[in-house]
Ligand code: PXP
């Protein structure tokens, strides 16, 4: 099977930095270490409330890290204008609510806000490849394609974080979603809640071209080291794809 791109989300390095209000640990340094250890890209989510990643972190990753940035953002005027300025190669549109702990569900593209279509068109015009974080629902996937997205990111949270006895059914839903994405001519990414135990099932899906992993990876690196954690994920994914 083909290589699975692995984008490391460094948001929670910024969470730790912000806990003490200083400059350490630095998410850009984490991005550098992750890429040196075999990550194919870096993911950052610039939230409206700037609770972890800040504007300057994104600017620095664009300037200092050669690996592609997957820029997660809400479809708002502020974020589209920011993306037009820094021109990340990839952008993933996510829903955002101030009170949530993390991105709680996929974007509902069957009921898109008035700005979504324009946001996608503007990002594409700026040379950004647009992905939308959605549930593995064929109707959502077709709607994402109709809106002009080039990729979707399947929300793996219900599969990865739900009860173990529901995993087989959730995995079947994700597989059907990946097949629907391919049929709609979309690239298929996946992410949310993945860890050493759950990533292999996702990596075995041939339609999935990229995974994005953050919270478990950054947390596990407290015990194992960031480079070692990235290398272990890489080995699990490569084994799952028979590489
Ligand atoms: N993909 C998207 C769109 C996300 O919003 C997140 C969480 O920030 C992730 C992937 C990564 O999820 P996790 O941090 O649980 O690995």
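Think of each number as a place in line: the chain as shown, counted from 1.
A Cβ is built for glycine as well, from the same backbone N, Cα and C atoms used for every other residue.
Per TrEMBL, the features are:
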BINDING   9, 20, 193, 214, 215  3-amino-2-oxopropyl phosphate binding site
BINDING   11, 12, 47, 52, 102  1-deoxy-D-xylulose 5-phosphate binding site
ACT_SITE  45  active site, proton acceptor
ACT_SITE  72  active site, proton acceptor
SITE      153  site 'Transition state stabilizer'
ACT_SITE  192  active site, proton donor
What remains of the recorded positions 20, 102, 192 after requiring a CB under 6 angstroms from ligand 1 is 102, 192
Would you identify the secondary structure of residue 9 (3-amino-2-oxopropyl phosphate binding site) according to DSSP, in three states?
strand
Those recorded positions from 12, 52, 72 that fall inside 10 A of the residue listed as 'active site, proton donor' by CA distance are none
Coarse DSSP state, helix versus strand versus coil, of residue 20 (3-amino-2-oxopropyl phosphate binding site)
helix
Extra residues within 8 Å (Cβ to Cβ centroid of 11, 12, 47, 52, 102), 1-deoxy-D-xylulose 5-phosphate:
9, 14, 15, 45, 51, 53, 214
Among the recorded positions listed here, 12, 20, 52, 192, 215, which has the most company in the form of other Cβ atoms within 10 Å of its Cβ?
192
Using C-alpha atoms, which one of the recorded positions 9, 72, 153, 193 comes nearest to residue 102 (1-deoxy-D-xylulose 5-phosphate binding site)?
193
Can you give me the Cα-Cα distance between residue 12 (1-deoxy-D-xylulose 5-phosphate binding site) and residue 215 (3-amino-2-oxopropyl phosphate binding site) in Å, rounded to a whole number?
7
